[in-house]
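Features of the protein shown, as given by Swiss-Prot:
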BINDING   147, 173, 184, 270, 392, 397  substrate binding site
ACT_SITE  184  active site, nucleophile
């Protein structure tokens, strides 16, 4: 597998565009991804009981059609908690896009992110849609889906399947309300592989637990979380089938793309200065390891300690203990950046200058060794700074 300098439109047969329609005052806020032919599609959605209107529309269409031609996205207005009118507007958003592309409405996915409780300004939407073009600027799409993010989040890779080269690309947004059980988190992945929707869903479902579901910024789960994968077969490879070496290769490719996007989201948490990676190793099973890793990275006390560059192993051990995992914790090792701060559940002395260098970096890795098995789990998050409170205190409803 090779990482390339690409965009969400790098896979064959895809294009994208983004622009400023007026959902926000100045920044880009509207865009789409278009496949030249019907693409296989798979999705995962928020576990929040309050589900935004666009998710209802998209989830229903994915289930009904099993194929997708385009995804249209606005930022600035979430169209969540907007009742019957909000749902009607989401369907209208889908229908207008379908009319412009000359396809059936169920072939269109819709997504929104932004302020909860506001209806979509439909004149703004219609005007923006009239200006979107096929084969537009894919980099602008990555900008158009952002809200409080400080940077775009993209990744593109290639892999060979027999004599054919398959390209996969991803784009995401997310900075606050990131605690998916799957944040607001939106993720879109395009691919030109020949793979059915059912097989694509299998690959997505297998990998989401190890990637997007393992990030947390603030413990809040958004009403609008969605990850969609489209694969249109334009690479002309032999169909990828379950339980084959080709499926395993495709799954690893998808896992890499999703993991890179997840890490970019965690690193760009609201007000964040540092990316935190927690590796729980030598656990009895992978699920327990992932739960424990997420408990540590989600601890507000751990996050504030990392912000303050304090190697506070006590807070880490406390988060290990309340993770809800039935694992002995009387022989735990804890390392910060590879430097031991606890061995066999007892503190150890360490070199202060070496630790200062580790804690001062913009990425801090915490390793928790349970000595009770052979499985591993990883989670990602960020530190908790003064700016997080400031950003969310000023964000209006």
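The backbone N, Cα and C atoms fix where each Cβ goes, and this holds for glycine too.
For residue 147 (substrate binding site), the count of additional Cβ atoms within 10 Å of its Cβ stands at 22 [all protein chains shown]. Counting every protein chain shown, 28 other Cβ atoms lie within 10 Å of the Cβ of residue 173 (substrate binding site).
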